[in-house]
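Some notes on the structure that comes next.
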Amino acid sequence: MVEHARMHAKHRGHEAMHAEMVLILIATLVVAQLLLVQWKQRHPRSYNMVTLFQMWVVPLYFTVKLHWWRFLVIWILFSAVTAFVTFRATRKPLVQTTPRLVYKWFLLIYKISYATGIVGYMAVMFTLFGLNLLFKIKPEDAMDFGISLLFYGLYYGVLERDFAEMCADYMASTIGFYSESGMPTKHLSDSVCAVCGQQIFVDVSEEGIIENTYRLSCNHVFHEFCIRGWCIVGKKQTCPYCKEKVDLKRMFSNPWERPHVMYGQLLDWLRYLVAWQPVIIGLVQGINYVLGLE
């Protein structure tokens, strides 16, 4: 009885303190979200660069702290190759083979991340329906496996798309057929691809041995691999030369290759969760510490 009274006296007033901490958390989340939205609308380039940097670095802290060595090894391999590819993409003058190298690497990661995410999602659904018992796999092991694959697929899918978009902008502006202002610094010839700057040898109506040529609705022609890399990997839905809207449904018959609105929202949510949520939680803890709340 005495011990209970001591505990009650020790924790007296904690309810009000906890309510104050919850209000601080909600207020910080709302204010931070408004600031991030304004930043993204007014200065999208700096917002994207900072978000990409945090998406790349923040998981490293938790990986080392929680000893997730498998994730760390994959992160190091991905970072090393991506850093090399990004370095090549930002060089001036641009080496002729660089655009293809960039798109091949990010297209590979794109396909691997999609496949990994789908397998992870299927593993989670199989576990929810109890199908893991058919293979004598414990539910917790099956769920951990599925969630891990799903996170790997989404996380590296986001990183790949953001790095690819940045590299696509650098390369296209370096070649001179594309600029943020919309005014190209070079005139596009009918025999030159505006994505890679190389000659087009196969006519649109001909069947190429190695690669076909593709014509957009604006009548500008490109190597099929280049325009697919520009739209799928680089997240661009406009012509690399005149910025006219691209009809993605006509270009890509495979629904998995179409940049979908829901998928884009999912990626934005994951960026916020990984890049900004730890920062906001840290800010809330700092405010609570300054105010003496525990």
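Glycine residues also receive a Cβ, built from the backbone N, Cα and C atoms like all the rest.
Summarising the annotation, TrEMBL assigns domain 'RING-type' to 193-243.
Here TrEMBL flags 21-39 (among others) as transmembrane segment. Distant neighbours of the transmembrane segment (21-39): 46-47, 272, 276, 280, 283-284, 287-288, 291, 293; these residues of the same chain sit at least 6 beyond its ends, with a Cβ under 8 Å from one of its Cβ atoms.
Annotation comment: TrEMBL describes 71-89 (among others) as transmembrane segment.
Sequence annotations record features per position, and here TrEMBL assigns transmembrane segment to 109-135 (among others). For the transmembrane segment (109-135), same-chain residues at least 6 beyond its ends with a Cβ under 8 Å from one of its own Cβ atoms are 78, 142-143, 145-154, 156-157, 160-161, 164, 232-233, 256.
According to TrEMBL, the transmembrane segment annotation covers 142-159 (among others). For the transmembrane segment (142-159), the residues of the chain that approach it from at least six positions outside its boundaries are 52, 55-56, 59, 71, 74, 78, 82, 109-110, 112-127, 132, 266-267, 270-271, 274, judged by C-beta separation under 8 angstroms.
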